[in-house]
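TrEMBL has this to say about the protein:
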| type | residues | note |
| --- | --- | --- |
| ACT_SITE | His131 | active site, charge relay system |
| ACT_SITE | Asp161 | active site, charge relay system |
| ACT_SITE | Ser236 | active site, charge relay system |
| BINDING | Glu58, His131, Asp161, 234-236, 252-256, 291-295 | substrate binding site |
| DOMAIN | 280-371 | domain 'PDZ' |
| DOMAIN | 377-466 | domain 'PDZ' |
| SIGNAL | 1-26 | signal peptide |
Amino acid sequence: MKKTTLALSALALSLGLALSPLSATAAETSSATTAQQMPSLAPMLEKVMPSVVSINVEGSTTVNTPRMPRNFQQFFGDDSPFCQEGSPFQSSPFCQGGQGGNGGGQQQKFMALGSGVIIDADKGYVVTNNHVVDNATVIKVQLSDGRKFDAKMVGKDPRSDIALIQIQNPKNLTAIKMADSDALRVGDYTVAIGNPFGLGETVTSGIVSALGRSGLNAENYENFIQTDAAINRGNSGGALVNLNGELIGINTAILAPDGGNIGIGFAIPSNMVKNLTSQMVEYGQVKRGELGIMGTELNSDLAKAMKVDAQRGAFVSQVLPNSSAAKAGIKAGDVITSLNGKPISSFAALRAQVGTMPVGSKLTLGLLRDGKQVNVNLELQQSSQNQVDSSTIFNGIEGAEMSNKGKDQGVVVNNVKTGTPAAQIGLKKGDVIIGANQQAVKNIAELRKVLDSKPSVLALNIQRGDSTIYLLMQ
């Protein structure tokens, strides 16, 4: 009996030893197969991550100094002993504000960080948010592989919060592919990539929560994609992509009452980004066309009061004289329901879409008038608000807002901020720049061309009223 038991035990042991390697191999094969079948964003992200960059900026901005009580102003004038060298009050903001301490502009340095997306590898173009690079004098870009580059401003548009910068001496860059953001649907998957809190590249995911969001700033052009993918501070300017790794938006804002993420983030649609950046490349600014109407959202109450058989659209309350809309025959009381064959859900959506289109764009608007559908064709005229910040042309004249004067008549200065370099060299509102360093300047593009040569001395030929003067800057 013992011999039989021993024999069986030996047989079982030998079978166990014989089968053990086979069982381990089978387990490993099963585990590998399971891993291959597991859904993952990693393959897509490996292609996209090189297109997303971190941006570090340094700059200065003008801050208002405190206004001094009137009874003390006589003691802190420009000639006051209290404000002379060696006085303990010399560094006081009351001695720095100018005009006897009556308050004024004071330059304050800052550092900031954000994200950006490479959209042209050969030319080094990177799109980001305007608020990331606004007032920047130094822009540094870091790629996902750790390489660092200097960058310069190409153009910016505060009203859409888009800016375009250019990497200097770009080499071996990877540009992202842009998707058609008009094809997005609520529920589509989204992936947000950026540099939150300066931690480095971070990825979060979610879905499209809503489309056509607006209302964050009534003066801006807003047509946001809303997503629940986590967007935090530092993600501004980063990429919102679909599951194919294509850019569908530029992350720009979060709704965060306490400063944290609550699952409500906003991105600027890729089609809007494409329209704006193409104008910045060509002109150094956004030359937006103007429709020439005023209006509001069409809601059920307004539709009922105006006896309009529609629930969504842009209600026209006023048509400006001699505008594109007036010439096309649009009337107050019309409801705009479509733009180039695509439905318009609100006045904000119409405003945002038209606001990204360049001067001369040809449109077909669908109107509801007296219960009948009417189509009108028109061409966008130049907006009266087309202007460019001088810092996008040359940091040395930062603080002036400029625009082209008529057709090839020079560059007009529309505004100059107190205490800025533009004010310090003597630029004034109403000045017209007609030359720079003995070269004629007919428009902003020609002025930028002169300044791109980085002259050691800048001599601006200015038409001021009936006089012609030169402003010099070294």
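For all residues, glycine too, the Cβ spot is worked out from N, Cα and C.
TrEMBL feature annotations superimposed on the structure.
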{"residue": "Glu58", "record": "substrate binding site", "Cβ contacts under 8 Å, 6 or more apart": "Lys109, Phe110, Met111, Ala136, Thr137, Val138"}
{"residue": "His131", "record": "active site, charge relay system", "Cβ contacts under 8 Å, 6 or more apart": "Asp161, Ser236"}
{"residue": "Asn235", "record": "substrate binding site", "Cβ contacts under 8 Å, 6 or more apart": "Gly114, Ser115, Ala192, Gly194, Asn195, Pro196, Thr202, Asn251, Gly265"}
{"residue": "Thr252", "record": "substrate binding site", "Cβ contacts under 8 Å, 6 or more apart": "Asn129, Asp161, Phe224, Ser236, Gly237, Phe266, Ala267, Ile268"}
{"residue": "Gly292", "record": "substrate binding site", "Cβ contacts under 8 Å, 6 or more apart": "Val319, Leu320, Asn322, Ser323, Ser324, Ala325, Ala326, Gln381"}
{"residue": "Met294", "record": "substrate binding site", "Cβ contacts under 8 Å, 6 or more apart": "Val316, Ser317, Gln318, Leu320"}
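According to its DSSP assignment, Ile254 (substrate binding site) is in a strand.
Counting residues of the domain 'PDZ' (377-466) by DSSP class, helix then strand then coil, yields 18 helix, 32 strand, 40 coil. Restricting the average to the domain 'PDZ' (377-466) gives a pLDDT of 78. Under the DSSP three-state reduction, Met294 (substrate binding site) is assigned to strand. Ser236 (active site, charge relay system) has a Cβ environment of 27 other Cβ atoms inside 10 Å.
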